[in-house]
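Input: a single structure, listed below in structure tokens.
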Amino acid sequence: SDSLSPRLSEKDGASDSESKPDTGPPGVPVPADDTPEVLNKALSGLSSRWKNWWVRGILTLAMISFFFFIIYLGPMVLMLIVLCVQIKCFQEIIHIGYSVYHSYHLPWFRTLSWYFLLCVNYFFYGETVTDYFSNLVQREEPLRILSKYHRLISFAMYLTGFCMFVLSLVKKHYRLQFYMFGWTHVTLLIVVTQSHLIIHNLFEGMIWFIVPISCVICNDIMAYMFGFFFGRTPLIKLSPKKTWEGFIGGFFSTVVFGILLSYVMAGYSFFVCPVEFNSDRNSFEVDCEPSDLFQLQDYALPAALESLTGWPTLRLYPFQIHSISLSAFASLMGPFGGFFASGFKRAFKIKDFANTIPGHGGIMDRFDCQYLMATFVNVYIASFIRGPNPAKVVQQLLALRLDQQLHIFNSLKTHLTERGLLEEEA
């Protein structure tokens, strides 16, 4: 727990450079093997290499089954799962910092870390509620007030935490405490911001959530399989077990998987429709007329492919073409999230962020590539997919005062008349 009276090993006149924290962080204790005893007994006759292969495989199938189950439960459950994963990832990274510097008894480090997590989540989720639930916000007086002053409240909360940090500074440990302040904020940037983007992607349609995540999972599995059976050439020093054979095999497998999965999912409105909140029923809905992105179209094949296949055209969903970009990014750039995490773990001499999942490590070990993917998908949607949303514009107009609505109406009427779309009044 946090200590309000840190132990100081030097005299009060010692400089920061002479204090113990500047000698470098000790290693984090390695967590004990928590593989279930039933698996240990069943696989006791295998070598450590094959035992790890079976443990990872069994737990991977269990996690994929759970993933399918929460998809079946709908978007609200998916959002709650994203929040739970975010909190767990934050806890794992902050715990490493606390384990490294625990012997110095920094005051209020963990308390402030969790307080800043609360502040940032309040800000991001408040923005999301205001953006996607405007009908509900405008209908309820307390929510309308909170929405109006949301950013002011968020800033006041953060400012309170900032002042608490300044008041907690202790002589001879200033530098270390600022290290921890930066540690917390970088963790918030990596974890909370990315999980917020994941939720925004989910609101565009569950297909924008499921396909990218599935492509990362597929790439991770296939790269491991190709590397396990055919790997010979090391890929990067940060991860000695990663091989070029696994990297290339994972790339082609993921692209094919992304195209096939997109074809299956694009035909169901449950996956392709934007997630919207029905204020009359107070529930989420995913029912709509699918856009052109999810309508089958004929594409003419190049002459070389036509002569090879005998098909003059190929019938595809336009989203399948976009899925090639998503799966290619998951295969080529997604692994760098894992390399970044590997470098982080090597810096603190640890094998995994935690031992939550036997054979896999912590939750952060499984989601290190997902956060990088979430940012790409959000940028991709904003750059190539999303256009102006008339429904949101109307909602914003209805929130204005009557005189403002009338001014906009007259301005729009004049504009349409000048364009010849409306007849001038006699």
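Count begins at 1; order follows the chain as displayed.
Positions of Cβ are set from backbone N, Cα and C atoms, glycine also.
In TrEMBL, the annotation transmembrane segment applies to 177-199, one of the ranges 177-199, 361-383. Taking residue pairs at least 6 apart in sequence, the transmembrane segment (106-125) and the transmembrane segment (205-226) share fewer than three C-beta contacts under 8 angstroms.
The transmembrane segment (177-199) makes contact with the transmembrane segment (106-125): 3 or more of their CB pairs lie within 8 A, with pairs spaced 6 or more apart in sequence. Residues 1-6, 83, 86-87, 90, 94, 97-98, 150-151, 153-154, 157-158, 161, 164-165, 168, 170, 173, 176-177, 180, 184-185, 187-188, 192-193, 196 of the same chain lie 6+ residues outside the transmembrane segment (106-125) yet bring a C-beta within less than 8 angstroms of a C-beta in it.
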